[in-house]
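For reference, the structure is listed below as structure tokens.
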Amino acid sequence: MRLLHTMLRVGNLEKSLDFYQNVLGMKLLRRKDYPEGRFTLAFVGYGDETDSTVLELTHNWDTERYDLGNAYGHIAVEVDDAYEACERVKRQGGNVVREAGPMKHGTTVIAFVEDPDGYKIEFIQKKSGDDSVAYQTA
């Protein structure tokens, strides 16, 4: 077994695709309209679906906003430099909700940003000299 994708419902697919592609650097892997069901699916990610977990962005044509509720936490993305990643988000007009810095009670550098629908995304800075992130999050 392996994790295939996480699905997020989005109110404006074009805004979301712009954010995930141009701000976070993901690639659009595939996109398909379903006119009978009045929805579109778009899959984005850093690698191919055959060997990477990706995001499925679902746009229901008749829904502009969603109530995110209080159960959703965040998606985590490894970055080389969390400080620079936050600056890139700001330059693109994105929302940084927690500036880059060490996590509480630890040394791992993290930051939080929001996508156009308000979903939180955590940046976890890769540790120097380490090929994997420290999976300690706040």
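Even glycines carry a Cβ here, placed using N, Cα and C.
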Same-site residue for substrate (record: Swiss-Prot; known: Arg9, His74; options: Asn22, Asn60):
Asn60
What count of other C-beta atoms do you get within 10 angstroms of the C-beta of Asn60 (substrate binding site), across all chains shown?
15
For the domain 'VOC' (2-126), residues assigned helix / strand / coil by DSSP:
21 helix, 52 strand, 52 coil
What Cα-Cα separation, expressed in whole Å, is found between Asn60 (substrate binding site) and His5 (Ni(2+) binding site)?
18
Including all protein chains displayed, how many Cβ atoms other than that of His74 (Ni(2+) binding site) lie within 10 Å of its Cβ?
14
